[in-house]
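Annotated domain '3-hydroxyacyl-CoA dehydrogenase NAD binding' per TrEMBL: 7-184, in sequence order. Feature annotation from TrEMBL assigns NAD(+) binding site to Gly11, Gly12, Gly13, Gln14, Met15, Gly16, Asp34, Glu93, Lys98, Ser120, Asn144, Lys275. Look at TrEMBL and you will find Ser50, Lys57, Ser120 tagged as CoA binding site. Taken from TrEMBL, the feature site 'Important for catalytic activity' covers His141. Per TrEMBL, domain '3-hydroxyacyl-CoA dehydrogenase C-terminal' is recorded for 187-283.
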Amino acid sequence: MSEVKMIGVVGGGQMGSGIAQVAAMHGVDVFLHDLDPQALSKASSSISSSIHRLVSKATLSQAAGADALKRLHFTTDLEDFHMADFIIEAIVESEDVKKSLFVKLDKIAKSSAILASNTSSISVTRIASSTTRSSQVIGMHFMNPPPVMKLIEIVRGADTSDETFAVTKALSERLGKIVITSKDYSGFIVNRILMPMINEAFFALYAGVATKEDIDTGMKLGTNHPMGPLELADFIGLDVCLSIMRVLHAGLGDNKYAPCPLLVQYVDAGRLGRKRGIGVYEYSKEPRSTKSSSRL
Ligand SMILES: NC(=O)c1ccc[n+]([C@@H]2O[C@H](COP(=O)([O-])OP(=O)(O)OC[C@H]3O[C@@H](n4cnc5c(N)ncnc54)[C@H](O)[C@@H]3O)[C@@H](O)[C@H]2O)c1
């Protein structure tokens, strides 16, 4: 495939909007699609305020900021992706929902297009099997927030071709990222290690070992993590953390990955973390000023 000129991003939440911003800032034309028009307008304003902030801090020139904004297009119509060279899916972490989206993308996208998933844990091989182009399906796992975090974890499905891998790696590097490569086993590299730690922090809280503040402070000052595991869970989204633990538990078949009942209960109660104003911590009344720099 020749150079990627146009990208389609599906899902305008925290990851999709960040991925669209990174691509536009690196000279790629981007269509960002979400089913929910409100999510799209939130994405549009958060991307433009982020770009304006970078320009005001002189991290980005005025011309580059204007160019990035010009490259971004927002759409509720997935058919607009028929011209895209490369499509990155960043919707809800559910295998069924992702598969039904990939069935549609397979029909809409041009035959040479690569379909990538930003999944945190779901089998790329199984997502690919819902399409007729499994050699052109790959995992492209950005870290949160995509404009800040340097890493992309590329996941090769069972049928991912060498060419698909090479194009995805070249695109990741063009976006200024450092690439690591994982085989397609549940959780890949980063979440296989990170999520059990977060889950264990919930077990420590559940068992009354310590307060949430002491668990987080212990891991920040004791192990030099920039964020404690519980505040990191709130930042990622407790629903996302729970989905990943369930994928690890089912996929790796070991009870050590069973989600902590307290994590399950918080999600059941709608305490999803920062995005809802409440998770392990409450943000609406007393916003925490944690400056995060290392997240999945
Ligand atoms: N949150 C993180 O820290 C993080 C990090 C890396 C990867 N991920 C992965 O990225 C993906 C997205 O996570 P997020 O945190 O951005 O979620 P989010 O809840 O912030 O956003 C998801 C968006 O997808 C939209 N959506 C849902 N179904 C759709 C569909 N069928 N078609 C179009 N749009 C649809 C929703 O309206 C929403 O705007 C997940 O697979 C997640 O595991 C998340």
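Every residue gets a Cβ built from N, Cα and C, even glycine.
Note that this is a predicted model, so its numbers are computed, not measured.
Across the residues of the domain '3-hydroxyacyl-CoA dehydrogenase NAD binding' (7-184), the predicted structure has a mean pLDDT of 97. Its Cβ taken as reference, Ser120 (CoA binding site) is surrounded by 26 other Cβ atoms within 10 Å in the chains shown. The distance from the Cα of Lys57 (CoA binding site) to the Cα of Gly11 (NAD(+) binding site) comes to 28 Å. Only Ser120 of the binding-site residues listed as Ser50, Lys57, Lys98, Ser120 bring a Cβ under 6 Å of any atom of ligand 1; the order follows the sequence. Fewest other C-beta atoms within 10 Å: among the binding-site residues Gly11, Gly13, that description fits Gly13.
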